[in-house]
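Worksheet for the structure shown next.
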Amino acid sequence: MNYEGHLKGHRGWVTSLACPQQAGSYIKVVSTSRDGTVISWKANPDRHSVDSDYGLPNHRLEGHTGFVSCVSLAHATDYALTASWDRSIRMWDLRNGQCQRKFLKHTKDVLAVAFSPDDRLIVSAGRDNVIRVWNVAGECMHEFLRDGHEDWVSSICFSPSLEHPIVVSGSWDNTIKVWNVNGGKCERTLKGHSNYVSTVTVSPDGSLCASGGKDGAALLWDLSTGEQLFKINVESPINQIGFSPNRFWMCVATERSLSVYDLESKAVIAELTPDGAKPSECISIAWSADGNTLYSGHKDNLIRVWSISDAE
């Protein structure tokens, strides 16, 4: 993979990234930061010239009064959700950068938020240990309390299946839980980590779940059975994992490295370091919808951009 350049605009750690799913979107990526802002980025026409930033801010979304921890983009519209340590979730219109709605019920920092595959439901979680399901009008419809997590919920995502809406959550209680959205029932609890879980993600076809955290183990699970399929020891606390949308690859961001694994061979196929330098710690990643670009967010406030060469 090739290093293409960076996006510069945040004044704090880049905590979360998301790429639009619509083909041909003029927005390339949306980022959140500990500076309390959200930025939507467009391509820079001069990005290939020397010393030019790869992208330019399209809108800077301001309004949160704490660190912004997570962003999720609607699949079919120009809306974004953000979660913040100010205990709120906000919905934004990316076309004009305006906040459309606030979601208020969490009693502590909100760490994770996600749109459902059909954009009709929203799920959120954080340091009050409670997973909440909302409609897009801002009404809290369910709280997953029975068989819930016993510590902070750090990561949450939907499975892409519309027929059987499933939510997967990862927690500081060292477990992953799989939830039936309609009934609010915990279908299974996945145990395999020896320390807190910081990231969970579901594969594009909905069959696999990957999890990672403080123990430095990336675990791959069969989502339908709960069986642990295999484990990759990366020997450094894991910040985020992201499946490629169209290759059998998985990107793992840790305190020490940013690596892409081939899931069939379980081998590293790319160690991502710009120009041979040791970059700042990567804490967030996102693949473009076509799988040809990877964005990484770092503690030096920059977003780095990587492209897949034709040979790959």
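Positions of Cβ are set from backbone N, Cα and C atoms, glycine also.
Database features (Swiss-Prot):
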REPEAT    9-42  repeat 'WD 1'
REPEAT    63-93  repeat 'WD 2'
REPEAT    105-135  repeat 'WD 3'
REPEAT    148-180  repeat 'WD 4'
REPEAT    192-222  repeat 'WD 5'
REPEAT    233-262  repeat 'WD 6'
REPEAT    279-307  repeat 'WD 7'
Beyond the flanks of the repeat 'WD 4' (148-180) by at least 6 residues, Cβ under 8 Å: 111-118, 121, 123-127, 129-131, 133, 186-191, 193-202, 204-206, 209, 211, 213, 221, 223, 226
Contacting positions for the repeat 'WD 1' (9-42) when only residues 6+ beyond its ends and CB under 8 Å are counted: 55-62, 64-73, 75-76, 78, 80, 82, 84, 92, 94, 97, 283-290, 293, 295-299, 301-303
The repeat 'WD 5' (192-222), counted residue by residue under DSSP: helix, strand, coil: 0 helix, 18 strand, 13 coil
Mean predicted confidence [pLDDT] for the repeat 'WD 3' (105-135): 96
Residue numbers, six or more beyond the limits of the repeat 'WD 2' (63-93), whose CB comes under 8 Å of its CB atoms: 12, 15-22, 27, 30-34, 36-38, 40, 99-104, 106-115, 117-119, 122, 124, 126, 134, 136, 138
Cβ contacts under 8 Å made by the repeat 'WD 5' (192-222) with residues that lie 6+ beyond its boundaries: 151-152, 154-161, 166, 168-176, 178, 228-243, 245-246, 250, 252, 254, 261, 263
Number of helical, extended and coil residues in the repeat 'WD 6' (233-262), per DSSP: 0 helix, 18 strand, 12 coil
Composition by DSSP (helix, strand, coil) of residues within the repeat 'WD 7' (279-307): 0 helix, 18 strand, 11 coil
